[in-house]
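Q: Pasting a structure below so you can have a look.
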Amino acid sequence: MGRRFCMALALAALPIVTANEEVPAAHQDSWGDFWLFRFLVNAAGYASIVVPGFLLIQYFKRKNYLETGRGICFPVIKSCVFGNEAKSVHQDDTLLAARNETVESSTARQFFKLLFCATGLQISYLTWGVLQERVMTRTYGATESDPGEKFKDSQFLVFMNRILACTVAGLYCALIKQPRHGAPMYKYSFASLSNILSSWCQYEALKYISFPTQVLAKASKVIPVMLMGKLVSRKSYEYWEYLTAALISVGVSMFLLSSSHDKHLSTVTTFSGVVLLAGYIVFDSFTSNWQDALFTYKMSSVQMMFGVNVFSCLFTVGSLLEQGALLESVRFMARHSEFAAHAVLLSVCSAFGQLFIFYTINQFGAAVFTIIMTLRQAFAILLSCLIYGHAVTVVGGLGVAVVFTALFLRVYARSRMKKRAKKVPVEGTVQKV
């Protein structure tokens, strides 16, 4: 009965395209491969883990297990359900204090450190972007007589990324001293679930839209982030933040409208692609705001990375095993060694890219990091157009320029606001870059 209901929903939401547009044949193989059906099946797999976990947490809380619990399982249950409820100062204040305590290095040393961070971020995420597009839009094993086959299970790629990130973060926490952990472990599951869904939507969207379109959509996520900030964290925003958000919306609209005349299968924007992009932006916006709220507990960024990825591994491997998709994906890797290499390298870039993010923010602050990553987005669009032949019109190029101009204006305005608010004396300033 549930399978018939999922099928009915999937058929009801088939992509809306114009008479002159065509959906690639790869997406029409069967309704079972349609993204909405896969989304519902994945969500059912996550629910089979979330619902029993929720019931257990409610049981321990109602039983007042923190006061009455005993035995060998007590420390584990206490850490997972109750944690250490003591809150700490905000993460931004902690990072700023750490940078202030650091002995000021020479200008040359700081320059090479910044160059190291920028290079690491660019290499990690540019490589990740190119591989992401290769894996999701091209075939493997193609010969003159055989067109080859595409890899279709985005959830397996999410699992690969998360298990390596979890391993790297775990080793980092084991080797380098971290703050005493205070948050209940189950609270990471909310950010983990939204993070999995945002990553899945990101991979799936590439089946329907071009990579440059996806990059610009990511740039426009400041708008739902602001909305989620008001809903989740009760944040307030300045007038310039609304202005730059509006400019980003205009720029993205210019790009999308200009590229709608291009009917090439690799760049056509379908209704399904737009919905998946919207899903990515909404889930990712929730993730960042929930993580921001979690940082009120005493924890480091790497502890956050480890906690979120532990639950991500649990959710994805559970769902893959329930569907029987894990072995199928492993068999695909065995048939195509090139795909195996791409999947592993994709995961390596994702995991080490996260470490570069934490290190850059810790050493130079969020403003410098944002500039580096904004440049990375521009380079990613250029690289994708060069490698995969995406066409960008003059209006589309102007739209891209408007988006990145707005992003740099946000960085500039935010840094000016922080300087004006802090009014730190010259001798107490942080390291200059």
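Backbone N, Cα and C atoms are what each Cβ position is placed from, and that goes for glycine too.
Pulled the feature table from TrEMBL, pasting it below:
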{"type": "SIGNAL", "residues": "1-19", "note": "signal peptide"}
{"type": "TRANSMEM", "residues": "35-57", "note": "transmembrane segment"}
{"type": "TRANSMEM", "residues": "111-131", "note": "transmembrane segment"}
{"type": "TRANSMEM", "residues": "156-175", "note": "transmembrane segment"}
{"type": "TRANSMEM", "residues": "239-258", "note": "transmembrane segment"}
{"type": "TRANSMEM", "residues": "264-283", "note": "transmembrane segment"}
{"type": "TRANSMEM", "residues": "304-327", "note": "transmembrane segment"}
{"type": "TRANSMEM", "residues": "339-359", "note": "transmembrane segment"}
{"type": "TRANSMEM", "residues": "366-389", "note": "transmembrane segment"}
{"type": "TRANSMEM", "residues": "395-413", "note": "transmembrane segment"}
Q: Could you pull out which residues elsewhere in the chain have a CB under 8 Å from any CB of the transmembrane segment (339-359), counting only those six or more residues past its ends?
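A: Non-local partners: 117, 120-121, 123-125, 127-128, 131-132, 134-135, 140, 151, 157, 160-161, 163-165, 167-169, 172, 301-302, 305, 332-333, 369.
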Q: Counting Cβ pairs under 8 Å to the transmembrane segment (304-327), which of 35-57, 111-131, 239-258 comes out on top?
A: 35-57
Q: Is it the case that the transmembrane segment (366-389) and the transmembrane segment (111-131) touch, counting contact as three or more CB pairs under 8 Å in which the residues of each pair are 6 or more positions apart?
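A: Yes, the transmembrane segment (366-389) and the transmembrane segment (111-131) are in contact.
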